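S.K.: If you scroll down you'll find the structure; I have some questions about it.
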């Protein structure tokens, strides 16, 4: 066997492998847990496969759309049906005769053209023959004009004055829109050449607010939907659909008429030029409704898949902190960074296995349609590598997230409970996205700090790109828009990578400031202190030391023994409190040094400084020749520690414990086997060598703990009450072991038992008030502090004290009564009269009847007497971190016998019947109240977690419902918010001087003179524009790009134009029409310019009908939030009763006479009252957010409170039934 202290320290790689071995052994010892962690993701993803299998992809043919007159209101019938047709009007600003003429003429022509379109087909369908030319569209126009009221236009002096036109809900049914010109045009007499106006419709489109009860807006802050669908948006709508619904809302018709009227006024003639709008065709595509559903469901499946694993990670990491395992390994030479690294890689490997299984499920082409459609999977187009990268990134972030959460807690059960709640709470921000609420990139980035919300965004973006060829590596930062509201997959990846760093930094920070009950916390600002950044030793200025060492009683140090631990002028200051004051002490090899002291004496602080757990204020400590501050790692490699409590891995066997810590000390191979076998034999644990430590008895665990401290040839062994919990025989055996093993070691031992200190201690050091009071062998201390002997006489009823004292003084002059208490009287006698003790005792026995005593005892001075004598003149103050309980003498346990005699039992136990039951009920309530108020974490879980979850849900609801966002103004052109566009233009047999020819040339010039490199124009010759578009977009990959660039186009002939739009963007149709009108204006005057804006106006909806659907959806979220919150509250109630049963406190209460019915009914009533208090808080929170949206009047709130109370009654009785 290797000599102690002569060994090579284990390297970092050896320690890392050792930790990985330990972690995997612990994992495999829980086969059910391991299987659940691997199979839960597989089973959850299997549900995704089931959902995927229910809906097959469908190949849809090429879809084409007919042209629509720009002025038509045929698609606005539904909106018109909700308006007050008899009082419809138009508003404009500023009030001006020229502008009034434009708006009035445009409004009149809009109505006339649509009425003409309705009347002319009726005339043509009459069953009479009308001569050709007798009735034409112009004649019908003039006839219908007679019935149109031209006074439907209201002017306002300024744009600010017009903003209140929708202040009343009824106004949204009367005023079609406001036309806002620049206020500088108030005094004009003719139109300027640089024209612009904004159409101001109500902020929420009428089709949604009147009939569909949705919450959509005009989307002026976006140009594209965040999540795209395969194929065209609203594939069956010729006009482009109702999101935002430019055609349905009459926006296009009004835009066309206003712009056309402006062109006519600038031209000076009534321009007869027809304009149509037409959607680009869409090539054949695959409609996959399953992916649209999975886009919102899949993230929740992923979150559930790893919820169990996340909770187990949090629990496992916290267990090592709770059981002091982490601190013990740290003291015995394990660096903190290796601890975290081993935990990370162990969890990463397990999660990697799960991620590979998930990847197989998601990427293998499991399905084939009945129509013979090619094989498809959940993620058919996204590459394996991209999916694996994102899933791995999420799982990595999950591990760091669990590390961070574990840092807040010191108990594994509490950490697991709170960790599970927090895990699901991080998904709440994703509801905002699910509800289609427009959020800026910065706000979405902030929500990505929540792990599962970031994951949700990422997978939704991945699934959204499935329909357009999948997310490729080069597409992470690709966005078709440049406005600030665009959030792309690359942003999610960046935020999750940032989360990994942030979570780990928080975990490391918490490890320093919240190290648990066995660590030493640093101040919260430790990272700004000099010693954190400087490697050199720094000490506080503690001034001149004035400690008095003259009172130190010290035996001469041995000169023939090497020093194992050298302590010089050691001092530790906590604020104004001096915990250890100028301590100097040598611990020698081949000796056991016992360290004794009262509470607050500084023992624990001293031990902590010896192990390097606490920074030294001043002085130095050398362990096995290494400075504990400058050579911490080397010093710790020679330390063996047996803490006060059993610090063992429940899953490891006796042999594995010794193997682990011996390898940690550098042992390996045959030498390791010999060390283990020898220790097992010495510890007398041969029969338990393959037993897990959880199955050992308390004494066996203590022996194993001592073995852990001794293994690996530890040169310095620290034993904190090593024999506590042992039976006398086992204690004696352990004493023998320590006596044998002290050879070549320096042992420091603390104990409660003074006989143990007397027997084992080669030297005993006693501390008081942070100072060393005495040090020396037990014999030296007893001789120095001893009072000699103590004579104890046991009295009879008529004991004669004077006679007894007189007899003793004959032999030992000056002897007085030291203590006369109860049935005993005590005398102190010095050593110098020991030669007369025999004669005195014989005389005392002879006069036993005369003195009237039963018997006597003569006691020599004990180490306990020395201990108490040392502490007599020292006031023991509380050490801020010293929690060790110090032995006390029999005096501290004594009480006045006279007082005991007065307790004759009268007046106690007389209550019976109802009074006794009431007393039991009060006692139970008092017990529950004390437990509730002192268990602040449980109180926090019940009150704050439930309220936070509900308030968070209510906050989201309130945000959505009462959101009065800043309504942006959107310029209807490609110059704002687009990354890159290409505009198509074609023509049909144009004559050089026709309006169409001039307009076509002007249309091209708009994009050429725009001086914008992102706006390109392509002239299509000899090919219809729709056929050219289909040729360009026939390939799926090409379509994925061109759907964001080929947005608008135009076809011109001599007397008409068609404005093409793709409808992939929100504003394509209005932008295309605006471009055609701008071209027409330039055709009549090349110096003119026209810009159109969409700038919705705030509108008041008193009855909130427009939000009912969203409220219903959010109410389901609220119900789910309240349900999960109440389940947590109810589950917490039973935790205490389970603890009562496990600790057998319930048995004690039954033994005290409490009937089970009284016990449980009292508990149920108490819990019900407490639940009602929580329920009141929930009701108040709901009422505070929205008094009338959710609960309405007070009566309904009382109904809600009643439901909560009934709910708790049912859960309380259920708990009683199964408790």
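Cβ coordinates are placed from backbone N, Cα and C, and glycine is handled just like the others.
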S.K.: Which one of these stretches, 1097-1117, 1118-1138, shows up in TrEMBL as transmembrane segment?
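M.R.: Based on what TrEMBL states, transmembrane segment spans 1118-1138.
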S.K.: Can you identify, from 1042-1070, 1158-1186, the stretch that TrEMBL calls transmembrane segment?
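M.R.: Comparing 1042-1070, 1158-1186 with TrEMBL, transmembrane segment matches 1158-1186.
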S.K.: Choose the correct range: of 234-256, 257-279, 441-463, which one does TrEMBL annotate as transmembrane segment? Give that range.
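M.R.: When 234-256, 257-279, 441-463 are checked in TrEMBL, transmembrane segment belongs to 441-463.
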S.K.: So which residues does the transmembrane segment (441-463) touch in its own chain, when a touch means Cβ under 8 Å and the partner is 6 or more beyond its ends?
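M.R.: Those are 227, 291, 294-296, 298-300, 302-303, 379, 382, 386-387, 390, 394, 397-398, 401, 423-430, 432-433, 471, 484-489, 491-493, 495-496, 499, 502, in sequence order.
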S.K.: Under an 8 Å Cβ to Cβ limit, what residues of the same chain, 6 or more beyond the ends of the transmembrane segment (487-510), are close to it?
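M.R.: Hits for the transmembrane segment (487-510): 226, 340, 390, 393-394, 396-397, 400-401, 403-404, 406-408, 439, 441, 444-445, 448-449, 451, 454-455, 457-458, 461-462, 465, 471, 475-479, 527.
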